[in-house]
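S.K.: If you look up Swiss-Prot, you'll see Lys123 marked as active site, N6-AMP-lysine intermediate. Annotation comment: Swiss-Prot describes Asp32, Ala33, Glu34, Tyr35, Asp36, Ser81, Leu82, Glu121, Arg144, Glu181, Lys299, Lys323 as NAD(+) binding site. The Zn(2+) binding site annotation in Swiss-Prot covers Cys449, Cys452, Cys467, Cys473 and rests on sequence analysis. The feature domain 'BRCT' is assigned by Swiss-Prot to 746-823. Residues or ranges marked as region 'Disordered' by Swiss-Prot: 528-558.
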Amino acid sequence: MNPTAQRIHELTDLLNRYAYEYYTLDAPSIPDAEYDRLFRELEALERNHPELKLPDSPTQRVGGEPLAGFAEVRHEVPMLSLTNAFSPQDENGVFDHAEMYAFDQRVRDGLDGGNPEYVIEPKFDGLAISLLYRDGVLVQAATRGDGTTGEDVTRNVKTVSNIPLRLHGENVPELIEVRGEVLMLKADFAGLNKRQAENGQKPFANPRNAAAGSLRQLDSRITAQRKLHFFPYSIARQQGGFEAEEHIQELAYFQELGFSLPNGNFGCFKNIGEVLAFYEHMQQKRPELPYEIDGMVVKVNSLAQQRELGFISRAPRWAVAHKFPAEEALTIVEAIDVQIGRTGAVTPVARLQPVFVGGVTVTNATLHNQDEVSRKDVRVGDTVVVRRAGDVIPEVVRVIFERRPMQETAVAVSDGIGHQQDDLFAETPSAKQTESVPLHKPYRLPARCPICRSEIEREEGEAVARCSGGMLCQAQRAQGLIHFASRKAMDIDGLGEKQIEQLVAQDLVRHFADLYRIDIPTLQKMKETADKGSSENENGDAETVSGDLSKYNTQNGKKQPTKWAQNILAGIESGKTPELARFLFALGIRHVGERTAKTLAQAFGTLERVRRAPEPVLACLPDIGTVVARSIAHFFAQAEQQAMIDELLAAGVAPQAQAVSLPAAQYAGPQRWITRLPGFKISENKAQALWELAGQSIEGLQNDKALPADWQAWRSKAQNTALLENLKTFFAQMPSEDEAAQGSDGINKAVAGKTFVLTGTLPTFKRDQAQALIEAAGGKVSGSVSKKTDYVVAGEAAGSKLEKANALGVSVLSEAELLTLLC
């Protein structure tokens, strides 16, 4: 073997092993940068010597040129379906497992009274595929199709990171056909839909549709970008290798061969009672899983017993798909009205006849926006399918048009010579006819906000309509103030939703800064008015109206506020020095969540720099695309928003500056921000060339008359001239590289880059406070424990996360030890 071929073999083996460690074991042994370096070396060698490329080369995971179509594949062993079993819940949440007990009895009868063990595993909501390996190398992948014939999706499947291109271990068979499910993890689905929205493309309805659509792309490069995942669940045929006697052994064999398993979410049990207990446990755990499942699959564990039981029609007797309670149900739309959010978003909401679905009674369901209402043609009186998945807001999925209420209406009928039914001069009157038409008209959003009567507007290209009233709208004002004071924003202790709603309803608070002008008389007035409204309420439900503002002392016949009022004022005062990220999040800038607010704080360090940041610079930052950057820049460009911030500063609010750990100047190099200038399309290479032609200065971009004509035409527009001047001023006032480095030195090197998980109740800090301390020191906080976790900080009543940390050998810290590390 020549040196080049040998090096290609070495790199292929190395990179496949590293990918297995990363995607399957969750325990990478080399840094990402080293993997990337080796990958690029292999790419270069294969590009120069394509004849030496190996069938299991990891470079195949990036996809290739588009196909004209998919070839058909006939399954040697048919891909059969499973019989379904259901366990409906009553309104108390109690399951009726009659169908599963019947399944267990059928199995026992088929085994002449034998006592079967069962394996129970997730029923993934994805796309079934079959993987064929010969001598350990993946040679073919096919979809289920009709069970007999599927489609060849080999090229696309090779882009799925956790599918081994070559099998691992000592017991690699000569041939094995692995059946399993391709799916998209919830986090990857959310990321995909975010990118779809930013690119102006239609989002996917659910992870299953996204996975199916991604796997069947003719262009495998698109599939490679979609981050699909695979879990195996059965062996269709096998020659050589380890011969399992039980299904649970097959699952262990999959792991040995290099496949991922849904660890912790399957098990082997002695009887049906234990199986059903695990099913109920998984139904509760379902919303927390990283992937979608719609039930559990129960299989007889013994492969010999499986063969003895055999098949009926197109399904095995030894397995059943135990579906979770229906998360869809039928009900009737009683009314449609709208809700106004804090950004003015107008959301149509269906008011429903109460229906029990997904474990709760649902009375309202979102209709999202006018386009969705029109597309589904939802009307008052319609019978509709309502879906609720996990903690997702219930939504109307579709209308059952056959049940739509109709009415008869008269129609004019011609007599054949041009006269209509109501024509007084007709010689021969026509017979009266009627036609059946819907009782209710199609729904349309109101022209004006039902709260403030401001016009409802919808910008071109936007799906969501918005109330134009801004903070003049009581609904927006209340929601905006609730968000501003919330725990993850300004964290004003003692000031809850009900108090804010009362303050807004009584016009005592109109703007954020008004919160810092509240005094005892204001709170007294609010309480007295709330009490009056309570006493006039037909139900006399004072607690509902006034919330927790209900306690007064009486001295000399005069009402005195008790501790609740002082607590509110103390909470307002103590919240005047928030972290910069919290303050930015509290402002309620459209598209700016906690993560984006943290990015802005880490990139600029001070509020003043964030306020002045130009849109092209913002668009260069990590996880901030053009849509979000435009929204941030638009917010700070509005005089009323700048005035609102100035009012807050004048009221004593002082957002804390922080060390710059993501220096904006490093991310926003000239070749990057030039490509993000609005209305000017250019590649990064050409942007770099333009920058060099301009003498590597913004002044040159502004004034050099030798620059290309398209650039000169762009800069001649007034708004672009102003933008370039803004960019010049902004970069001139940004900290130098030395200053940025000094800021980075403030990061705790013992914590920087480390991943922490918080669990249990800490003795002193709330979790948000502990998270803020860790992030300020340069660390990261994750919600789950893995081999990548550096520290678990455990308080009282720490549960499964602490157990997993101990099992994985992850360092466990107390709050005191965390503080020592941070110092």
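Note: Cβ is positioned from N, Cα and C throughout, glycine not excepted.
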S.K.: If one measures from the C-alpha of Lys123 (active site, N6-AMP-lysine intermediate) to the C-alpha of Leu82 (NAD(+) binding site), what distance in angstrom results, rounded to a whole number?
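M.R.: Cα to Cα, Lys123 (active site, N6-AMP-lysine intermediate) and Leu82 (NAD(+) binding site) are separated by 11 Å.
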S.K.: Suppose the Zn(2+) site is Cys449, Cys452, Cys467, Cys473. Which further residues of the same chain have a Cβ inside 8 angstroms of that site's Cβ centroid?
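M.R.: Residues close to the Zn(2+) site, other than Cys449, Cys452, Cys467, Cys473: Ile340, Gly344, Arg448, Pro450, Ile451, Arg453, Ser454, Ile456, Ser468, Gly469, Leu472, Gln474, Ala475, Gln476.
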S.K.: Sorry to bug you, but what's the C-alpha spacing from Cys473 (Zn(2+) binding site) to Arg144 (NAD(+) binding site), rounded to the closest Å?
M.R.: 54
S.K.: For the domain 'BRCT' (746-823), what does DSSP give as the number of helix, strand and coil residues?
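M.R.: Tallying H, G and I as helix, E and B as strand, the rest coil: 27 helix, 17 strand, 34 coil.
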S.K.: Where Asp36 (NAD(+) binding site) and Cys467 (Zn(2+) binding site) are concerned, what is their Cα separation in Å, rounded?
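M.R.: One finds 49 Å between the Cα atoms of these residues.
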S.K.: Which ones in the same chain are close to Cys473 (Zn(2+) binding site), with CB under 8 Å and 6+ residues apart in sequence?
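M.R.: Result: Ile340, Gly344, Cys449, Ile451, Cys452, Ser454, Cys467.
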S.K.: Over the domain 'BRCT' (746-823), what is the model's mean pLDDT?
M.R.: 83
S.K.: Based on Cβ atoms within 10 Å, give me the single least packed residue among the binding-site residues Cys452, Cys467.
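M.R.: Counting other Cβ atoms within 10 Å of each of the binding-site residues Cys452, Cys467 gives the minimum at Cys452.
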S.K.: Within 10 angstroms of the C-beta of Lys299 (NAD(+) binding site), what count of other C-beta atoms is obtained when all protein chains are considered?
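M.R.: Here the count is 24.
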S.K.: What kind of secondary structure is Leu82 (NAD(+) binding site) part of, going by DSSP in three states?
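M.R.: DSSP assigns Leu82 (NAD(+) binding site) to coil.
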S.K.: Sort out the sequence-distant neighbours of Leu82 (NAD(+) binding site) for me: same chain, 6+ apart, CB within less than 8 Å of its CB, listed by position.
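M.R.: Non-local contacts for Leu82 (NAD(+) binding site): Val297, Ala315, Pro316, Ala319, Val320, Ala321.
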S.K.: Tell me whether Glu34 (NAD(+) binding site) sits in a helix, a strand or coil according to DSSP.
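M.R.: In three-state terms, Glu34 (NAD(+) binding site) counts as helix.
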S.K.: Would you count the other CB atoms within 10 A of the CB of Cys449 (Zn(2+) binding site), including those on all shown protein chains?
M.R.: 24
